[in-house]
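Asker: Before I ask anything, let me first share the structure, which is written out below as structure tokens.
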Amino acid sequence: MASFASQTYTPTEEAEIQQWLTTSERLNRSTLLGSKPSKADVAIYETLAPVVAKWSPRSAPARRNSRLFGLDVKDENKVKVNQDEVLYVKPQVDAKAEKEKKKKAAADASAAGGQASLVDRTKEKVKEVVENAKEKIATDKPNKKEKKEKAPKQKAAPAPAAPLSPALIDLRVGHILKAINHPDADSLYVSTIAVGDKPGNEDYVEYEGQICRTVCSGLNGLVPLESMQGRKVVVVCNLKPVKMRGIKSCAMVLAASPKIKEGEVDDHKGPVELVTPPEGSKAGDRVWFEGWEGQPEGVLNPKKKVWEMFQPGFTTTGGLEVAFDAAAVEQLGKTGTGRLVTESGGVCTVPSLKDAVVR
């Protein structure tokens, strides 16, 4: 552009120069207007087509006829393009610069190879030193004893199973604070019973300042509801809680009923009598059978059927005392009867049923 500084132009020439500059800026568009074809595009095509048609395959690698705007250009007016003759023309390369580039690449490769070779030699030397050191140690201490293998740790022996005993059943004195009819079962009572529990169990409720359990019992129609109110009973406290017609029952009240003789059918019509703790008993007092003292399980595992195993031995004597008859439980292999007592020595009883089933 500096070579044109000495030239002067007339206003007409300046205007024409500006027109060509504007046109040159538009040559990278599909059309001169940018968005639509015009007469100007046709005029330029008519001017350029004869020139482009004379290009050789080497000088015309990118000739194309486009149908982008659907112009009605007849075949005889189109530039003929033989796609098989479109050639790739390798751009000219500065021979001197290319030579310097190859020379530098070779030097870099040589340096990298030399460095790698040095690393490999260093590794080999280190390996040789280590091997020699191992041989020397083996020679200097030929009588060194082999390290003793650690004996495998023995697994801790499982805790011994508690001996079979009715003491596994958690029996306690309970105090019925309230009893109502079950809202959805005619045969059930729902009782609120204090048995000496501590707070912290989500299944328990607080009533009249005491932690209580909700207990469902099938005594409706067998024991008058009024006789359930405010009385002391004996409760099985470590059975797994179960829902009975929508209400979770967390214990079981012990009651006596006549034994079913051979050939008879249990029609569940009674009579039924609640087991009564000795006078002066308090809610939460432990109860157990004489001769079978021991610690009860936290919660009886239903799969082990502990309650089902020992319940057949629960009975009443001729003196109306509740007792455990060991002979009724074959797994024990024992005989003898032990009364159901509290820590004070008092005996649990029933009003009138002798030789009865207690459950």
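Cβ coordinates come from backbone N, Cα and C, glycine included.
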Asker: For the annotation region 'Disordered' in TrEMBL, which listed range does it cover: 132-161, 252-281?
Answerer: 132-161
Asker: Of 53-74, 75-96, 97-118, 185-206, which range does TrEMBL call region 'Disordered'?
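Answerer: Feature region 'Disordered' in TrEMBL: residues 97-118.
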Asker: Helix, strand, coil residue numbers for the domain 'TRNA-binding' (165-288) per DSSP?
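Answerer: Summed over the domain 'TRNA-binding' (165-288), the classes give 7 helix, 50 strand, 67 coil.
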